[in-house]
Amino acid sequence: MVVRTQNSESKIKEFFEFCKENEVEFVDFRFSDIKGTWNHIAYSFGALTHDMFKEGIPFDASSFKGWQGIEHSDMILTPDLVRYFIDPFSADVSAVVFCDVYDVYKNQPYEKCPRSIAKKALKHLRDLGLGDVAYFGAENEFFIFDSIKIKDASNSQYYEVDSEEGEWNRDKSFENGVNFGHRPGKQGGYMPVPPTDTMMDIRTEIVKVLNQVGLETFVVHHEVAQAQGEVGVKFGDLVEAADNVQKLKYVVKMVAHLNGKTATFMPKPLYGDNGSGMHTHVSIWKNNENLFGGETYKGLSEFALYFLGGVLRHARGLAAFTNASTNSYKRLIPGYEAPSILTYSASNRSASVRIPYGISKNSARFEFRFPDSSSNPYLAFGAILMAGIDGIKNKMDPGEAMDINLFKLTLDEIREKGIKQMPHTLRRSLEEMLADKQYLKEGQVFSEEFIQAYQSLKFHSEVFPWESKPHPFEFITTYSC
């Protein structure tokens with residue numbers, strides 16, 4: 001038997017007992033591809049053996065973009081019994097197990113497996129002696145629409161989303177003949193009570209289901225945009241936090257679906273309204289001590305500021321992982337509480353990095369406000385950690401904090417102050433990443449092979465098609481030329 005997992009005999013025994021106690025009929029093995037899509041393969045419980053949790057489960061990796069060619073398609077899923085749960089949506093009782101991907105040709109964890117990359121980033125932090133754990137906490141915003149229509153043909157390009165909350169429905173006659181008229185309006189949706197908030201019951205249902213699958217929630221509310229919401233979940237270590245993002249997205253989409261609606265974590269689905277981010281909180285701990293707490297700006301340590309310096313230094317290329325879609329850059333524009341200016345401040349939501357208010361050293365952390373949920377959380381969190389590590393190693397100065405409303409600065413003022421901005425396109429962020437990738441490759445965390453596979457996937461599946469397709473707005477500006 002070839003042992004490819006770190007599952008102990010006691011862990012395997014514990015899992016089988018869990019399945020028997022819960023009368024599990026199927027075990028659903030789930031893994032994330034490069035883009036961040038959660039995929040699965042299910043086995044009936046009676047077909048499982050203990051050896052499968054040691055040796056792994058074979059699958060065809062050539063069916064996933066950016067992974068293997070058909071001539072070397074065999075890969076192995078390695079179950080990780082650190083984390084599993086009962087799927088609250090399956091008709092038959094199913095246990096969900098997180099998996100990594102193992103390379104049978106090199107006899108090692110697959111270098112293009114996002115979850116394995118996240119684990120390597122955490123290991124790199126420990127190997128350098130810089131910390132025992134990196135805690136991450138994500139705030140994933142989302143939209144819940146009543147319906148969506150999309151067309152992508154050679155002679156027609158359009159989309160249409162709809163929501164009872166939409167200001168475009170003020171004059172609509174609904175099927176019941178009633179239009180109640182209570183709507184938040186553009187940028188008016190932050191925390192109103194019902195009936196303006198039509199999604200309260202769906203959000204509370206989401207919270208209940210999240211608790212069932214082991215996610216501790218602490219806040220739930222309507223967000224600024226029409227049809228937008230947020231559910232806050234407790235932080236965890238880097239890998240756990242990324243696992244939690246996958247859980248959260250699955251639950252939100254499924255609860256919406258079962259309520260006859262459709263949920264999206266797309267960064268900017270509505271023109272003229274706020275977009276959805278994935279604000280990411282980070283701190284590093286060693287010997288049960290928060291290394292970010294100290295005596296410098298707003299209770300931060302010098303160690304923390306160096307970490308921040310690394311993230312700000314590499315942010316333009318880092319965006320290839322944290323803002324991983326062409327749509328991401330329609331969110332990162334002034335005027336919609338989206339942080340496009342690369343600086344930091346305390347309690348200032350116009351900065352790309354915020355230092356949240358805290359009453360103790362243990363609460364010292366950064367909130368990186370530029371990431372969004374189109375990213376693969378394993379890659380986004382791993383890349384943020386690698387940038388911060390580079391900042392610590394090389395003592396990168398983040399510069400002075402800017403405690404002003406940055407949205408009011410003109411482009412000339414931004415240039416005069418020497419402040420960098422986030423890239424304006426996915427193409428530019430990928431180009432910046434390719435020109436600034438050495439810090440990612442330290443400790444063999446992000447391999448050159450993975451980086452090339454990632455950029456190729458993004459260029460061919462998103463950048464090139466987006467650049468080559470006529471846009472409806474171009475017909476307004478150019479058709480009569």
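For all residues, glycine too, the Cβ spot is worked out from N, Cα and C.
As recorded in Swiss-Prot:
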DOMAIN    22-106  domain 'GS beta-grasp'
DOMAIN    114-481  domain 'GS catalytic'
BINDING   E139, H279, E367  Mg(2+) 1 binding site
BINDING   E141, E223, E230  Mg(2+) 2 binding site
BINDING   N274, G275, R331, E337, R349, R369  L-glutamate binding site
BINDING   H281, V282, S283, R349, R354  ATP binding site
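Known features from Swiss-Prot, placed on the structure.
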residue : record                   : DSSP (3 states)
E223    : Mg(2+) 2 binding site    : coil
N274    : L-glutamate binding site : coil
H279    : Mg(2+) 1 binding site    : strand
R331    : L-glutamate binding site : helix
R354    : ATP binding site         : strand
E367    : Mg(2+) 1 binding site    : strand
**Request:** Using C-alpha atoms only, work out the spacing between E141 (Mg(2+) 2 binding site) and G275 (L-glutamate binding site) and round it to an integer in Å.
**Result:** 8
**Fill in**
Neighbours of E230 (Mg(2+) 2 binding site) among binding-site residues E139, N274, V282, R331 (C-alpha cutoff 10 angstroms), in sequence order, are E139
**Asked** the domain 'GS beta-grasp' (22-106): mean pLDDT?
**Response** 95
**Complete:** For ATP, with binding residues H281, V282, S283, R349, R354 per the record, max Cα distance (Å, no decimals) returned as 19
**Item:** Secondary-structure category, per DSSP, in which R349 (L-glutamate binding site) falls
**Value:** coil
**Message:** Using a 10 Å radius around each Cβ and all protein chains in view, which of these binding-site residues has the most neighbours: H279, H281, R331, R349, R354?
**Reply:** R331
**Complete:** Simplified DSSP label at E230 (Mg(2+) 2 binding site) comes out strand
**Request:** Take the domain 'GS beta-grasp' (22-106) and count its residues per DSSP category (helix H/G/I, strand E/B, coil), listing them in that order.
**Result:** 13 helix, 41 strand, 31 coil
**Prompt:** Among the binding-site residues E139, V282, S283, E367, whose Cα is within 10 A of the Cα of R331 (L-glutamate binding site)?
**Reply:** none
**Prompt:** So for E367 (Mg(2+) 1 binding site), how many other CB atoms are inside 10 Å of its CB?
**Reply:** 20
